[in-house]
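Let me begin by presenting the structure, written as C-alpha cells, before commenting on it.
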Amino acid sequence: MPFVIVPTLSLKAGLLMSAFLAAATIPSAVLASLVGRKIPPLFSLPFYGTVSTGCVLLLRFCVSGQALLLEDLGVYVPLAAFNGMMLELALVHPRRRVPDALHDAVMMCFGFLLVAAFLSALREFLGSGSLWGVPLTAPIRIRGLVLPFSGFILIGFLSALFRRVDSIIIGRMLHASRRTAKQGGDAV
Amino acid sequence: MRNYPRKGILLEQNKEPGLSKEIRILPALPVERSELPGPVSSTPDMLAPYEIVSIAKEANIVDEIDGRRLWKKLAQAARESVSGIVVDALDDEPYISSQLAPTLQFPEQLHQGLRLALRAIGASKSSIEIYRNLFDLDTRIPSSIMGVKVDRISGSYPAESYARRRLQRNSTLVVGACALLFLQRAVYEGLRQTSAFVTVTGDCVANPGNYEVPLGVSAGALLEAVGLITDPKRVVAGGSMTGFSLTDPSTVYLSQTTRGLLAFAEEFQDMGYACLGCGRCTEACPQGLSPYFIYKVMQSHRKHHIELADADLCIGCGSCSYVCPAKLDLAQVMAQAAAYTRRRQTAGGQP
Amino acid sequence: MKLRTQNPPHIRSRESSLTMMTDIVIATLPLYAMAVYYYGTRALLLGGFGVIVSSMADGACQLLAGRIPNIRDLSGAVTGLLIPLLLPASASYSMILLAALFGIAVAKQPFGGMGQNIFNPAAAGTAFAMICWPKSAFAYPVPFERLPAMVDDTVRLVSSPAYSLSLGGTPNIDLLDMLLGNAPGPMGGTNILVLLTCLIFLIVRKTVGLAMPAAFLGGASLMALLTPRVDAPALTAVAYELMSGLLVIGAVFLINDPVTSPKRTLPKIFYGFGTGALSMAFRHIGRYEESFLFALLVMNATVWIIDVWGEHLAHAMRRKNREFKTNPPVSEPAEQDVGAAQK
C-alpha cells in the first residue's frame, strides 16, 4: 500500500510507479511459469529478485531523462524491484501455465495502475493545482493532500465509497433477481 | 463524627415535609392487632435474654435494614458476644425518612426497645446513628435521645452502607430503629409486628409523610389512601437511589424492608446522549472504580481488561448513574460487569 | 396510571451533556466579543459559519452512518466555535470550511462520533488547515484595524510574536499588551486575561477540573524555563512563550475536552504535563511557529494507554484495601425486597 500512496503525488509519478511495478512483476511471473519448476526452492528468491531488479534497472535506464520524476519516486524504485506482489506471484506460478500467469500479473498491475492513476490525479489536481504538469484551477486547493497521511486518509474514504457503490449494485442485482423470480411464478 | 467515604456524591436530602409530620395510621388501611399468646410480662426489665429472643421470634419481627429476622440477629450477636448495639437511623437516601421519623417521634419506646436488645445480647454500649448532612429540617435532631448518644455520621452518599460495614467489622450489632420499636411493642404490649413504617412522598403525593402501614398492603392501595394530586409518571418502591420502579402498583405488596414509596410526576428525558468520557462517574465512585472504563470495556468485544477493573467491588449505590451527564444507566452496566467478573472468577477457580 | 419504568437510581443530577456543552459555548462568547472589539464583525461571521458547517457535517455524517442525527448535544457547535478562534481573524472562509470538514468528517465521525473520537476535532481540523495554508494560517491582522467581510489584499497582515520567538528574537510587543490581547495572533489566542477568566468560570462551574490545565501550563513553563528561545530573563522568556501562540487557549478548551483526555487524576496530570512539554519541544524543532496542535494530537493518541496505566495503578492500590471493600451488603436487602414484595 505505501507504493500507491507515498510516491503518487502527481499523475506522471503515479503512472511511472505502476510502470516500474509492472516491469518488476510481469517478467518474473512469466518466467516463473516457464521455468519455475526447475529451480530449487533455495534459489528461487534470489533468482526472481535478480530478474525483477534487472527489468527495473532497464526501465530506469530508459526513463533516465526524467530526473525530477525519478527523484519524486525516490526509494520506491528499488523497493518495487522486490515487492510483495512479485514474490507471491513468482512463488505460486510455477504450478500454472504461461497464459494464466501472464493474465494474473497483468491484471494485478492493471489494478494498481487504475488506483494509482485515480489517486495521483486527485492529489495532483486538488493538491498541486495541476494535471499532468499543466496548471489548472481547481475549485478548492487543498495543499495538505500531497502529504502521505492525507493519502492514507483518502484511500480509506475512497475504499469506503467503492464499497458503498458495490453494495448498492449488489443490492440492485438482488432486487432484480427477486423480482424476476416472483414474476416467473415460482413459489418464493 | 466519623466521615465516610471520601468520594461518593452529595445529595439534596429532601426529607421535609415528611420528616416533621406526625406518623399516622391511615384510616383506609388500619393496622391489625395480633396479640401474642401468653400474658404480657409485668416486669419487662427483668426478662431473661432467652425470653426476649423468644418473644422476638414469636412476634415475627424483621429488621428493616437487611430483611433478617430480629431474633436471629440477637441470638447470633449473643453467641458472638458483641460489644454493643448501634441503632441505624441513618437514612442517607433522599426522600426517605422512615427510620429517622420514628426515632424522633417515639424516643421513649425506642429507648425501651434498645434496653431490651442490650439485655438480650448481654452488652452495654449503645449509640444511635443519624446522618449529618441534613439541612433544611423543621425539627432539630438532638444530641442524645433518652440518654443514648446520637452519632452524626457525616460523608457523602452512600454513607449508610459504609457505616454498616465498618461497624460489622468492629463487632457491633447494627439494628434498625423500627425493629427496636416493634420489639418494645412485642414485650410491653404483647403485639406481633403487623405493620411497617413507610415514607410516602414525591411531587404527586397529596399528603407526603411517614405512615405506619399494615404489611401486605399493595402499593397502589397505599398511594390511593395517601392521596395523589396528579397521575404520577414514575412510582418507585424502596429508596430513591436503590429502589425499583413499578409498572403496576396494585400488584406490588409492601414488606418490612420497603422503606419508601415515591411517586414522581416527571421522568428523565431520553435525549439519547452518548458517553462523553467526562469522567464524573470515576470521580463519584465511592469504591474507587472507574465506571467509564468498565462501560467501554463491556461495550467492546475484547474484555481482557475487565480483571483489572475490579467490577466485583461494586456495591450498587448508583452514584455513577446519578452524576452521569449523558444519563446513561451506568449502575446496570456495573451490575452486569460485576456478575461477569464473578462468573469469570468462579470459572477460573480463583477465590 | 401509565407508568414508566426506569432503572435505579431514580433521581439524577441536574447536569447533562447539554449543560456542559452550553457552558463551553458560553465560555467562548467573551472571546468572540473581544475579537469583535479588535477586528470587527468578521469574527462573528467566521464563528457563525464555523458553527453551521460543523453542525451540518456532524448531522450528515451521522445520517451516512445510519443513525438519527443528534446535534442537540452541541458538540459540533463547540467544534465550529473553536476553529475560528485558533486561526487568524483574516482566515478565509474556505480555510474554516476545510478545517471544520476535516475535523468532523475525518477526525471525529469515522472513529465513532461523539464520545468515541480519539482526536480532538477542533485541533485536528485546525492542524490540517495549517498544513494546507502554511502562509495564511500564520499571517495575522493588526488589532484595532477593522476587517471587511471578505479579506482581500488591502488588509495588512503581520507576523505574530510566536514567529519572532521561533527565530530566536524577543518580540517587540509589551508583555502587558500581550496579556490584554493587543497583539497580532490567533483570534481567540491573544486575549490571555479573558482566557484565564473563562478558565476560572469553567472550573467554578465544575465543567473542567484544575488538574489538567495546571499540569499543562506547568509542563510548558518548565520546558520554557529549561530551554528558553530568547535572550531575556528567565521569567520573561517563560511569559513570552506562554502568551504567544495557542498555549493558553489550548489550556482552556482543547486539553480539557472530556472525550480525549484521561479520567483519573494522576493520568490527567501526566497527560497535561506531557502535552505541555511536548508542545514546547515541538516549538524548538517544528517547522511552524506554533506546533501545539500537533503535540496535542500526538498525546491524544496515547490517552487510552494512559487510562489503562491509571487503571493498573488504581487496581494495585485497591488490592491493599480489598479486604475492607468486599462483601457488599446492599445486594441482600434488594433481593429480599423483591421476593417479599411481589407475593
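Including glycine, each Cβ sits where the backbone N, Cα and C put it.
What TrEMBL says about a protein is an automatic prediction, not a curated fact.
Among the features that TrEMBL reports, transmembrane segment is placed at C:20-39 (among others).
What TrEMBL lists as transmembrane segment is C:77-107 (among others). Long-range contacts of the transmembrane segment (C:77-107) within the same chain: residues 21, 24-25, 28, 31-32, 35, 38-39, 42-43, 46-47, 49-55, 57-58, 61, 71, 117, 119-126, 128-129, 132-133, 136-141, 147, 151, 155, 157, 185-189, 246, 249, 253-254, 293, each at least 6 residues beyond the stretch ends and with a Cβ under 8 Å from a Cβ of the stretch.
Marked as transmembrane segment by TrEMBL: C:185-203 (among others). Remote same-chain partners of the transmembrane segment (C:185-203), defined as residues 6 or more beyond its termini with a Cβ less than 8 Å from a stretch Cβ, comprise 23-24, 26-28, 30-32, 34-35, 39, 43, 46, 82, 84-89, 91, 140, 143, 160-162, 178-179, 209-210, 213, 243-246, 248-249, 251-252, 256, 290.
Residues or ranges marked as transmembrane segment by TrEMBL: C:210-228 (among others).
Residues or ranges marked as transmembrane segment by TrEMBL: C:234-256 (among others). Nonlocal intrachain contacts for the transmembrane segment (C:234-256), taken as residues 6+ away from its ends with a CB within less than 8 angstroms of a stretch CB, comprise 24, 27-28, 31, 82, 85-86, 120, 122-123, 160-162, 165, 170-171, 175, 178-179, 185-186, 188-189, 192, 195-196, 198-199, 202, 207-209, 212-213, 216-217, 220-221, 224-225, 228, 271-272, 275-276, 279-280, 283, 289-290, 292-293, 296.
Feature annotation from TrEMBL assigns transmembrane segment to C:268-286 (among others).
Taken from TrEMBL, the feature transmembrane segment covers C:292-310 (among others).
Summarising the annotation, TrEMBL assigns region 'Disordered' to C:324-343.
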Segment proximity, the transmembrane segment (C:20-39) to the transmembrane segment (C:210-228), 3 or more C-beta pairs under 8 Å: no
Same-chain residue ranges lying at least 6 outside the transmembrane segment (C:268-286) that approach it to Cβ under 8 Å: 165-166, 209, 211-224, 227, 229, 241, 245, 247, 250, 255, 261-262, 292, 294-296, 298-299, 302-303, 306
Beyond the flanks of the transmembrane segment (C:20-39) by at least 6 residues, Cβ under 8 Å: 47, 73-75, 77-78, 81-82, 85, 89, 141, 143-147, 181-182, 187-188, 191, 194-195, 197-198, 201-202, 205, 207, 249, 252-253, 258
